[in-house]
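**Q** To start, I am sharing the structure in question, which I have written as structure tokens.
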Amino acid sequence: MPRFPDQLLYIGGRYVPARGGHTFEVVNPATGEVLANVHNADADDLDAAVDSAKAGQRHWAALTVVERSRILLRAVALLRERNDALAELETLNTGKPLSETRSVDIVTGADVLEYYAGVAQALQGVQVPLREGSFFYTRHEPLGVVGAIGAWNYPIQIALWKAAPALAAGNAMIFKPSEVTPLTALKLAEIFTEAGLPDGVFNVLPGDGASVGHALTEHPEIEKISFTGGTATGRKVMASASSSSLKDVTMELGGKSPLIVCADADLDLAADIAMMANFYSSGQVCTNGTRVFVPRALRTAFEARLLARVQRIHIGDPLDERTTFGPMVSAAHMQRVLEHIEQGKAEGARLLFGGERLRDGALAQGCYVAPTIFSDCTDVMTIVREEIFGPVLSLLTYDDEDEAITRANATSYGLAAGVVTPDLSRAHRLIHRLEAGICWINTWGESPAPMPVGGYKQSGVGRENGLATLQAYTRTKSVQVELERYASVF
């Protein structure tokens, strides 16, 4: 018997059953418990959502910016009021520790919504004189109905990252959460409605890619797609979106990000950063710094610091507030991570810690993989080249800065990068040479609302967050005004 009742689709400000009658199970990855049967949307449901979104968007766009912002700020207040309940639901669905979901997931999502409610007035055009008696001006108009596809690792945060700029700019959104973790997106839809968002402006269609995701990307009445997920899937989404109606796309994709520890770095600080860059959220973070470059002479000392820290990780029930490391999000993902670990062993990486599924006591019921550290890694190893999206740190040594930069950039990815050094001149010099969209100096992982987030190369197209993202959910109209009598050449 599932813990929760059947979860329906959210269309037009209310819950409705899927027209096809199909459902799928959502499972707690820490225990194997079935949490709910979720209705699986299809193309017919999408058509209904688009019709609802078009009607709602006309009303939403007709409101003043201030009126829209007031509604969004009411949603912010509701999110913060229900932080603990939403965090517990997120923990049940994702397996992330409650200590994490309470302090990060809903909090940072609400921060982004608050940010866009505040900066929506910044959507201002320009007025440019052309000559005496003639000028032009520009205005930013909403795109209309936009689609978004979320990832399973930060379900409600990603939903808010995508919805906030879209709604602030006057659009309606159809959001497809990951079929692995769809529960909190539905709660977000309830909150938007309670806050006063017009019916149809935020719809949630749970389901898999084949049933509804592909239909969403190619629907001719959807003007933009924002996608977060793997690079391979991102290519398919982009191809489908462009072939159907030349949709604009934003893609936040995979990464294999480098963290460079400089020769003058405080090794304790560097080890703390490397731990957070690899084992936070059990390693299931797209920006993780999984390729850790350390000077050859410092390898042994750095290994010792990592080993001391990794043994302090508290692995256990995600609902226990002492837990700092939970399971993989699903059995299928756990198996993929374990296969990469075995490949690392087979290709000659030296296993320092972990490298196995955890089966002690209650952990055996869940999808737990030990935090894993490999040393003596080389650039050609699969664990160094491919995104694992799990708790696997690859330690590499280098001899000089030029070598470190060259090797750090020798990847098809370019999502994030970091440098640890007390020498800020060196830090900026290295960061400016690294081919990555998000960079950190002496820290890792924070993505505040005003800071654009996105990748270079195969790690993405466009940006999330920041002022430019608000503009990306609009189209620019140019209007020339002639004050004098128009002179025809005919």
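Here the Cβ of each residue, glycine as well, is placed from N, Cα and C on the backbone.
Bear in mind that the values here come from a model prediction, so they are computed numbers and not experimental data.
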**Q** Please identify which of Glu67, Glu356, Glu386, Glu387 is recorded by Swiss-Prot as part of the NAD(+) site containing Gly150, Ala151, Trp152, Lys176, Pro177, Ser178, Glu179, Gly230, Thr231, Ala232, Thr233, Gly254, Cys286.
**A** Glu387
**Q** Please give the greatest C-alpha separation between any two of the NAD(+)-binding residues Gly150, Ala151, Trp152, Lys176, Pro177, Ser178, Glu179, Gly230, Thr231, Ala232, Thr233, Gly254, Cys286, Glu387, in angstrom, as a whole number.
**A** 23
**Q** Distance between Lys457 (K(+) 2 binding site) and Thr233 (NAD(+) binding site) at the Cα atoms, whole Å?
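**A** Cα to Cα, Lys457 (K(+) 2 binding site) and Thr233 (NAD(+) binding site) are separated by 15 Å.
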**Q** Quick check on the recorded positions: of Glu179, Asp248, Glu252, Glu464, whose CB has the lowest count of neighbouring CB atoms inside 10 Å?
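**A** Ranked by other Cβ atoms within 10 Å, the recorded positions Glu179, Asp248, Glu252, Glu464 bottom out at Asp248.
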**Q** Using Thr231 (NAD(+) binding site) as the reference point, find which of the recorded positions Asn93, Asp248, Gly460 has the shortest Cα-to-Cα distance to it.
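**A** Result: the closest of the recorded positions to Thr231 (NAD(+) binding site) is Gly460.
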**Q** Tell me whether Trp152 (NAD(+) binding site) sits in a helix, a strand or coil according to DSSP.
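**A** In the DSSP reduction, Trp152 (NAD(+) binding site) maps to coil.
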